Amino acid sequence: MTYSRNIFIPLTRACRNRCGYCTFRSDTPEPPLLEPEDVMGEVRRALSLGCTEALFTFGEDAHEFPGVRDKLESLGFGDMTDYTYHLCELTLDAGLLPHTNMGVIGYRELRMLKEVNASMGLMLESASPRLMETEAHRESPGKNPRLRIKMIEDAGRLRIPFTTGLLIGIGETIEERAESLLELRRIQDRYGHIQEIIIQNFRSKPGIPMENQREPSLLEMVKMVAAAKIMFPDVSIQVPPNLNRETGEIFLLAGADDWGGVSPISRDYVNPEAPWPEIDELKRITESAGFALEERLPVYRKFISREFLSPRVMERIEELYPRFIETL
């Protein structure tokens with residue numbers, strides 16, 4: 001059972017999507033954008049606590065918001081991709097390995113960011129276009145599954161180690177859940193770059209449009225984890241531990257083999273009501289189910305090679321984290 005010791009750095013809460021289950025986005029984020037000195041202060045703090053991963057997550061097409069655009073221009077950047085590249089570059093030089101999830105972006109942006117990222121990510125959430133007509137995604141053009149599937153495929157063409165996953169309980173049917181797994185299996189069979197699939201349960205929060213939506217049951221989640229593991233024996237299956245503190249052991253027995261990024265320094269800004277468990281607590285939960293807990297990097301060991309990583313990232317891993325490299 002693995003985990004990555006990380007810091008979560010939300011560069012901005014501005015986002016073009018208005019998902020019915022989200023508390024992260026803001027029309028007027030304050031500050032509109034984290035500045036480099038703030039980011040690097042967090043990076044240095046993370047390094048002092050033994051973190052290896054910097055998770056850069058922020059709203060999709062954030063540079064379309066006037067406040068963000070003005071701040072980018074004042075810093076000398078044209079858009080969020082250019083700015084993220086710069087921050088990833090600084091972070092990599094400092095000794096943390098970047099993992100970026102900035103919503104749907106194109107092939108050119110992916111190719112650019114691969115140079116300074118150990119891995120990247122985008123949740124598929126669901127392959128069902130029907131959800132675009134529901135409260136979950138009615139006001140979220142970036143949640144169109146066609147766009148998200150294309151980005152995951154583009155990452156495969158570029159040989160980027162990739163994390164994706166499904167969001168369970170946002171109005172999808174059992175059949176649509178199965179179709180979503182089959183879509184990811186099709187992509188993986190063609191490109192082989194998916195390192196991890198997250199099976200994440202919807203959690204109701206006060207004040208969101210979907211506040212009264214029923215959360216998925218434990219049995220539903222167990223079935224999804226088991227189905228994912230059967231369909232993806234070559235991919236790690238993650239269940240977020242902070243969203244399932246009381247039931248974590250059950251998911252291990254169902255086939256989950258990764259806890260994802262766990263931070264000793266930052267909260268989960270997407271689910272602020274659910275703090276990360278301490279590493280010692282994760283160890284206890286894991287061992288109580290009969291498994292050992294092992295730390296990993298944001299790129300899984302089998303993807304640590306020049307086939308999947310840029311020379312720049314590979315050299316940093318060889319220099320700083322040789323113990324994580326697969327030895328033959």
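The backbone N, Cα and C atoms fix where each Cβ goes, glycine too.
Taken from Swiss-Prot, the feature [4Fe-4S] cluster binding site covers CYS15, CYS19, CYS22, and the record attributes it to sequence analysis. Taking the Cβ of CYS15 ([4Fe-4S] cluster binding site) as reference, residues of its chain lying under 8 Å away and at least six apart in sequence are, in sequence order, PHE24, ARG25, PHE58, GLY59, GLU60, ASP61, ALA62, GLY103.
Annotated domain 'Radical SAM core' per Swiss-Prot: 1-242, in sequence order, evidence recorded as sequence analysis.
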- Please report the number of other Cβ atoms within 10 Å of the Cβ of CYS19 ([4Fe-4S] cluster binding site). 23
- CYS22 ([4Fe-4S] cluster binding site) has its Cβ surrounded, within 10 angstroms, by a count of other Cβ atoms equal to 18
